[in-house]
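Feature list, courtesy of TrEMBL:
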DOMAIN    A:5-224  domain 'UCH catalytic'
SITE      A:80  site 'Transition state stabilizer'
ACT_SITE  A:86  active site, nucleophile
ACT_SITE  A:162  active site, proton donor
SITE      A:177  site 'Important for enzyme activity'
């Protein structure tokens, strides 16, 4: 890949979580959200932001609630200048707008935040796309090319994806879409209300709209590191004198299960990411050789040819009938 | 070159299904030869289970898809030549003829049924008739 280029990356919680770690930030992880009901969002407190991914289409993008005042100086918002960088842009936008004590940005992102403090959204977008460190981490998730070849068939369904982020900031909910001129203000977070409760109907509306249009989308949440959260709860349970032994045992065994589950998840992310970066070509060739050695390869291919021919014939017959 | 027009396009992806591949993985020699090509650091034992998990992973399936498209469009020949595959198989790959490719591969690698033959050499100095 030529320097200065950004690769396409897969929208997957494992990729996003490792990407955040790669930037040097910690205390957060990314979870895919399958349901917007109370419980699933409640379990993931604190939630630093939601990332909505969808297949981009030209739509009416006029918006009345664009932020045009001095808030622009404080909210981190960057215009999207590079298409393939949008996953990283959404993640960075969520992270730089959170000031939660559990989130540690690390030197790369802290420096970037400081460096771009006085910039307008366009300049911030340029600064992001020119950040060697951030690009390097992003590109480490490039899908391993088996070899140089013309992959026009593959790109088709990938390149029009777009990410936007929803974040809480100073008591209001904002939508950060790098294709807009500015953040979109979605209103105040009322007292004693989770910000996700404010964002929920907005996100839901979008999901419904896309479902009707059969547009692919997915939703991710940048949340506090769950393992750390469970470990804290464990400490509290162990130190709680009001619990009976049975109650304490129940709670600790439940938390142990959750902690183990987080460990298992991390391990599977690690393996998936190794597989993503792996060049499978020698493996595939060995496998084809083994297939041939076993003597079933040619038969399988012939069988597939017969099936295909039958399919083709059926279709031609159908066409003939229609005429 | 593209696949001949009179033949339907066969996708190797449809043949390299998990269903078809899993029985192949039960062979100890195959396990041995594949183990070396797993992602580094992903495996402790390179067990049959790990090989199965690998061939069922979306990342592997995706690579097979790419491989398959490249084979079908005749782009894989030069790459396969670097891996010392038989000339006949490479010729077939250059033409994007998957049927001929499969036949050539089998002709070269399939052990004779009598079972008297020793392991064939992996270089391609033989069998170009």
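Backbone N, Cα and C define each Cβ position, glycine as well.
Give me the structural setting of these features: burial, nearby parts and distances.
Mean pLDDT for the domain 'UCH catalytic' (A:5-224) in this predicted model: 86.
Annotation note: residue A:80 (site 'Transition state stabilizer') sits in a coil segment as assigned by DSSP.
Other C-beta atoms found within 10 angstroms of the C-beta of residue A:86 (active site, nucleophile) number 24, with every protein chain shown included.
Packing around residue A:162 (active site, proton donor) is summarised by its Cβ count: 19 other Cβ atoms lie within 10 angstroms of its Cβ, all protein chains included. In the three-state DSSP scheme, residue A:162 (active site, proton donor) is classed as strand.
Long-range neighbours of residue A:177 (site 'Important for enzyme activity') (same chain, six or more residues apart, CB within less than 8 Å of its CB): A:162, A:164, A:165, A:184.
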Between the Cα atoms of residue A:80 (site 'Transition state stabilizer') and residue A:86 (active site, nucleophile), what distance do you get, rounded to the nearest Å?
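Taking the Cα atoms only, residue A:80 (site 'Transition state stabilizer') lies 7 Å from residue A:86 (active site, nucleophile).
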Just how many other Cβ atoms lie inside 10 Å of the Cβ on residue A:80 (site 'Transition state stabilizer')?
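Step by step: centre on the Cβ of residue A:80 (site 'Transition state stabilizer'), count other Cβ atoms within 10 Å, giving 21.
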